[in-house]
Amino acid sequence: MRLLPEEPAVRRMALATLVNTTGNGIFFTLSALYFTRIVGFSVLQVGTGLSIAAGVALFAGVPIGHLADRRGPREVQVALVLVIAGLASLYLLVTEWWQFVLVSTLIAVLDRGAGAVRGALIAGLVQGAARSSTRAYLRSVTNVGMTIGTGVAAIALHFDTREAYLVVLYVDVATYVVTAGLMALVPHVPPRPAGEALAMLSALRDLPFVAVAGISSVVCMHYWILELAIPLWVVNHTEAPRSVVAILMVINTVTVVLAQVAVAKRVATVEAAVRATVLSGVLFLGACALFGVSGGVSAGLAVALLVVGSLVHVAGELAQASASFLLGFELPPEEAMGQYQGVWGMSFSISSFLAPTVLALLPLALGLLGWLLLGGILLAAALATGPAVGWAVRSKENRLSERVTTREYEE
C-alpha cells in the first residue's frame, strides 16, 4: 500500500480518515471502561444504550445522504463532523444513563449519515473503478488509524485514573475538529440540480437494490467471526492458548492494510464483483470448517488450524469487501448517490444485529456442525448475490432508458 495516494483530493481524504479513525480507536478502546469504571454504569446499561442508539440510527444514512445529494457532500460532511465533535465533548459531562443514551443516539445518527455522505463524496471526486480502489485505500487507512488510536488509549489504561481517561478522550474530541478542517480542504463537489435529484427515500423503494443490500447484510456477518466468535471459541472450545486470539487479530489487520487496495483493483467490473463475492463465500465456508475442526485437538494443531483458518478468512474478507465497494458505487444512479450509499451502509448495520445471535446459536452452541452451518449460510448468500445484482443492473438500465425516452419526448 502506498503511503499516500497520488490524487490530492484522495490524499486529503486519507489524512482526514487517518485522524478520524485514530480518534475512533481511542473511543472504542476506552468507552466501555470509562462509563463502567469511572462514571459507574453497569455493563448492561452501556450495552443497552449503544443498542438503542444503533437501532435509532439504522435508517439515518438515507435522508442525510439525500441532503448531501442536494447540498453537496463536502459541505454536509464538514458540518456533520463538527456537530459530532460537540456531541462527543458532552460524553465527558454525562452522569445519568438517559444522558448517555441521548448523546450516543445523536452521535450514532450523525455518524451513520456521515458514512453515506463519505461515499457520495468519493463518487464525486473520482470516477469508475477508481471509486472502489479509493474506498479500499481508505479502509486500509482506517485499520492503521484504529491501531494508532488503540495505542494512544493504552496510556489511559496504564494509569487507570479519571484524569487519564479524560485527557485521552479530549484528544478524541480534538480529532473530530482536525478531521473537519482537513475535509474542508477537499475539493467542492457540486450538488445535483433540483430537477435531476430523486425524491427522498427513492433508494428504499428500489427493490432490486434493496435486495442486493439485504443479501450483503447476511454475507457481512463474517466480519464478526473474528471479533466475537473466535475469542469465545478459543477460550471455551479449544486447547489453544488465549494469546493466539491477538495473533489472529494482527494477521487480519496487517493483511487488510497491505492487500486491500491490490485486491480491489482486480475487481473492476460488476461481473468481477459477483465472482469475487462467490469466491468469498467459498473461502468463508473453508475458514469455518478449519475453525470448527480446531476444537478437540491438541494445542499445537489447534493453533495451526486457527492461523490457517484466519488466513483463509481474511482472503475472503478482501474479496468480499472489494466486491462490496464496487457494487455500492456501480448499482446506484449518479443523481442519488448519497441516499443510495445510506441504504448500502445499512447492510453492515443489519449484519451487526444479526451476527451476535447467529454466532451464539450456531458455532458457539453446536461446535463443528454450527461452524459448517454458518459457512453454508454465508456461501448461500454469496451465491444469491449474482441473480440479485443482475436484477438491479436491469432495473437501473430500464430507468435510464425511460429517462432518455422522456427527455426525447419533451424535446
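Cβ atoms are placed via backbone N, Cα and C, with glycine included.
So that you can see what the record holds, here are the features copied from TrEMBL:
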| type | residues | note |
| --- | --- | --- |
| TRANSMEM | 12-35 | transmembrane segment |
| TRANSMEM | 41-64 | transmembrane segment |
| TRANSMEM | 76-94 | transmembrane segment |
| TRANSMEM | 137-159 | transmembrane segment |
| TRANSMEM | 165-186 | transmembrane segment |
| TRANSMEM | 207-225 | transmembrane segment |
| TRANSMEM | 245-264 | transmembrane segment |
| TRANSMEM | 276-297 | transmembrane segment |
| TRANSMEM | 303-329 | transmembrane segment |
| TRANSMEM | 341-362 | transmembrane segment |
| TRANSMEM | 368-393 | transmembrane segment |
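Counted over residue pairs 6 or more apart, the CB atoms of the transmembrane segment (341-362) and the transmembrane segment (12-35) come under 8 Å in fewer than three pairs, which marks the two as apart. Taking every listed stretch (76-94, 207-225, 368-393) in turn, the largest tally of C-beta pairs under 8 A with the transmembrane segment (303-329) is reached by 207-225.
Long-range Cβ contacts of the transmembrane segment (137-159) within its own chain (Cβ-Cβ under 8 Å, at least 6 residues beyond either end) map to 1-2, 5, 10, 13-14, 17-30, 33, 122, 165, 167-169, 171-172, 253, 256-258, 260-261, 321, 325. Beyond the transmembrane segment (245-264), the same-chain residues lying 6 or more positions past its ends with a Cβ under 8 Å from any Cβ of the stretch are 1-2, 132-133, 135-137, 139-140, 143-144, 147, 226, 230-231, 234-235, 306-307, 310-311, 313-314, 317-319, 321-322, 325-326. Tertiary neighbourhood of the transmembrane segment (368-393): same-chain residues 206, 208-209, 211-212, 215-216, 218-219, 221-222, 225, 270, 273-274, 277-278, 280-282, 284-289, 291-293, 295, 320, 323, 327, 331, 358-359, 361-362, selected by CB-CB distance under 8 Å and a gap of 6+ residues from either end. Here the transmembrane segment (207-225) has Cβ contacts under 8 Å with residues 277, 280-281, 284, 287-288, 291, 313, 316-317, 320, 324, 327, 331-332, 340, 343-344, 346-352, 354-356, 358-359, 374, 377-378, 381-382, 384-385, 388-389, 391-392, 394-395 of the same chain, all six or more residues outside its ends. Here the transmembrane segment (12-35) has Cβ contacts under 8 Å with residues 4-5, 41, 43, 46, 81, 88, 91, 94, 100, 121-122, 125, 134, 137-138, 141-142, 144-150, 152-154, 156-157, 165, 168-169, 171-176, 178-179, 182-183, 185-186 of the same chain, all six or more residues outside its ends.
Under 8 Å from some Cβ of the transmembrane segment (76-94) lie the Cβ atoms of residues 20, 27, 31, 35, 39, 64, 67-68, 100, 103, 106-107, 110-111, 113-114, 117-118, 121, 166, 169-170, 172-173, 176-177, 179-180, 183-184, all in the same chain and six or more residues away from its ends. Within its own chain, the transmembrane segment (276-297) has Cβ neighbours under 8 Å at 219, 222, 225, 229-230, 233, 237-240, 267, 305-306, 308-310, 312-313, 315-317, 319-320, 322-324, 363, 367-372, 374-376, 378-383, 385-386, counting only residues six or more beyond its boundaries.
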